[in-house]
Structure formats: C-alpha cells, structure tokens
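Asker: Take a look at this one; I'll ask things after.
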Amino acid sequence: MKKLKINYLFIGILALLLAVALWPSIPWFGKADNRIAAIQARGELRVSTIHTPLTYNEINGKPFGLDYELAKQFADYLGVKLKVTVRQNISQLFDDLDNGNADLLAAGLVYNSERVKNYQPGPTYYSVSQQLVYKVGQYRPRTLGNLTAEQLTVAPGHVVVNDLQTLKDTKFPELSWKVDDKKGSAELMEDVIEGKLDYTIADSVAISLFQRVHPELAVALDITDEQPVTWFSPLDGDNTLSAALLDFFNEMNEDGTLARIEEKYLGHGDDFDYVDTRTFLRAVDAVLPQLKPLFEKYAEEIDWRLLAAIAYQESHWDAQATSPTGVRGMMMLTKNTAQSLGITDRTDAEQSISGGVRYLQDMMSKVPESVPENERIWFALAAYNMGYAHMLDARALTAKTKGNPDSWADVKQRLPLLSQKPYYSKLTYGYARGHEAYAYVENIRKYQISLVGYLQEKEKQATEAAMQLAQDYPAVSPTELGKEKFPFLSFLSQSSSNYLTHSPSLLFSRKGSEEKQN
C-alpha cells in the first residue's frame, strides 16, 4: 500500500478552479436564502457518516475519528453545533443527501466520476486504493479473472462496483460478484475472517486499521490505483456550502492543521507485520491481565493503554528483560536512570513501570510549549528512546531544512538523518540512532491502535454474550451476570475458545443508525 498523504497540491488546484467558478457565491455569510444561511438558522450542521476506526468511533462515550474531527472543526468554523448520523453502509449515506436529511457526507468516500454527476465533491484530504482481501491460509487469487458471485461480495454503494464493471467489460468477461444490501465493508471483512465469505473489497486505509486487530486478514491484490477521498454535498445551483468548505480546507492547510490531523490518524504507517501483530495480540490475552492493574495505577497523565504499548515495545512485557547494552526490566531502564529515580530493583515490574512513567513525565515537561498538546507525547517518547539532547537536535535540523520543528510529522522524517555524518557533524550533540527512535515511536503507535481496538472488541463480545446468555437462561438477568455469584467472564473463558483469541470483530461495525449531538 502506498504511503497515505493529504493531497495538498490537489487542494490548491481545486481551490483556484472553484474560486473562479464559485466567485458570485463566495460572500456566503451575507445571504439569507442559501444553504449556509439555512444551516446557521437551524443552528446545526447535519453530517452523515459510517462507523469505522478512521471516520467515526467512540471510546468511553467520546466520539473521535478523522472525519468526525474535521466535521466538528467545520461546524465550529460555521458557528453551529454538529449533528452526526451514523449509517450502516454507503448507500444509506447518499439516501440522506437525496432525502434532505444531511448537509454533508463525511465518511472517507472516494471521488468518482459517477458520483460527481449527482453530488458535489469537496476538497480531497487523503487517498486510498481499493484492494481485494482474503483470509490468511486460504487461497490467494492473483487475478480477478475467475472470481464468481459465490466468492466475491461487496457492500452496497461501494465505488468499486464501477471499477469491477469496467474490468469485466474490458479484461475479465467471466468476472462476477454480488452486492450484500445489508452489510457494510467492515462487516464483510469480518465475514472473510470468519470463513463465511471468500473475498471482499475495501479501501487500503480501512484494511490497514482492521489488520491491527485482525492480522489474519490479508491483501490479495490492488483493484485500483490511489483514489482521492472527499466529502459530498447536494449538487444544485447553491454553491455557498462548497465555497465555505473550500475556505475551510484552505485555512486548515495554511495553518498546518491538516498536516497535524493527517499525522494523528494516518501517521501510524502502513508496513503491516502479520507475525508481530499476531504475537502482540496473543500477549494481550496471556500476559496483559496480570499487568493491567499496574498500568492503570501509574498511567496518570497518559492513557494506560499507551503505557502498556510503551512497555511492550521496550520489553514485550518481560520484567526480566535485559539488553546487551545493560538496560533492564519492564521499561528497560539504564542503571543510572534507575538510581536517579530511586529504583532498587529494575526487574521488579511495579518499580520499573513507576520509574518509567516518571522518566517519561520528565521528558514531557521539557518538550517546548509551542508543540501542540496531542503531539507532545511523541516528542517525549523520542527523547525517552534516544535522549532529550538528540531530540533538540532533531528539532533544530527540522528548522534548518525548512520543516516545522513543532510538527511531529516533520520532525520524525528527519530522525534517521541523525545517524548520517553530513547531518550529525553539524549538530550540537552529534551522532544519534535516530532511525531507531523513529521505529520506536511508530511501533508504539501501532501497538496502541491494536490494543485499543482489540479491548473494545472483547468488551462488546462480552456484552453480546451476556445478552445471549440472558435469553438462553431467562432467570438470570444481564445485570446479575456481572456479580460475583455468577462469574460470567470465567464462564466465557471455559465455554468459548474464541474469547481468549482475536475472534471476529465487533469493533468495526454498527448496525442500524445512530444520532449524536455534539
């Protein structure tokens, strides 16, 4: 999969073209009878989306996601509240536009020649390719030529249907497929890993995130080249919403907000490692339950799951771990660092975790205040790995090479240069293994994504199982299942082998529709 990147050039060109086309409607705040005026009079921006880890998701009741965050900022830009409606599939999204139930679709939708005949696209903000997926261990097709409707199923409204039809007409006359009107792409990927379906097609970003929780999902081949992703709004004579979107994205591009959001949601990399991810998820089941209380106890200012990811990157949750350089323990502390933190036994898991957190907090406190709050942790982790002085060198090098020293996206690209003589010879603190610091932070981010998604899935599986058990045994209510006298989790561990493995996802699907007011 190609590196994901916001298409700034496309935004710039589109801005110029649309500015000319939309010039009569640019002063949209001054009109009383246009789409923007209607949104402001209503006091809310109605956005329809789908539930995926990238577009819209929730943790502890709090919404997040790339499209959600952009939509929230756009609503703030317009001075209105955001109303989010979550639909099951893409067809339902466009129904919302057709029926006047949405102002915008913000759901990672691909720009497509057929779609723009009936709907107004906005600026593009990243790109994806469409890929055929299968389950590891099953037959991997090398071509679409002989795939049949019994093997290949796609979601309703999926843009790839047009591409498949073109391929059938021009290259693979035997190709056939079916559309499942009741399921979205995420649910079809679940069916593939459950063995209910041979193949489906999804976009490369969705697949990459899905694999963090389900490494058994594999890419067979690319169906399309990279395609721009955009929002859609109604296509009519009123261009005020398009003009507002254009202004909004230009402003986000110019002040660096788009780059920061790209790094936040797409910056975890796309170099998926099946064995590493599978090994990590097995450790989540086998080792994490004993360590979780310690991570929760000492996490303090950071999410405990991030702390767990850091510890796994350091030692694979092995309290006895020792490296050739002499660092030891769960958080792999040097002897000098441990002494400065008052640690008497580096191989004691609690002492190591407590000390590691304090050391990380010290690094956090040194990160310049000019660095955005949600990026400070990455600078601190780089400093944790290679030393604070070398992190300062990385920032200085970034500034010298016309990057933004306060942007993690810019700084991390310069980290490998710290080990190259033409660069480190001119830096204050000299040589550093910057490439290792880069990999260190990237790995932690991947482990965190996997852990958050996997724990969410297990929680939902437990809830579903509880409800099913209550139906099977009506005398036991769902609330009773969590009490000591009915050890539900123990029951599950004995009765369901899937409970202790990365079994089919519930994280990536939401049936029906939901509405959230923000």
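Going from the start of the chain as shown, residues are counted 1 onward.
Backbone N, Cα and C define each Cβ position, glycine as well.
I grabbed these lines from Swiss-Prot:
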- Glu314: active site (ACT_SITE)
- 22-269: region 'Non-LT domain' (REGION)
- 270-518: region 'LT domain' (REGION)
- 1-21: signal peptide (SIGNAL)
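A description of the local structural setting of each listed feature is requested, covering burial, neighbours and distances.
Answerer: DSSP assigns Glu314 (active site) to a helix.
For the region 'LT domain' (270-518), the model's pLDDT averages out at 84.
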Asker: What is the number of other Cβ atoms found within 10 Å of the Cβ of Glu314 (active site)?
Answerer: 23
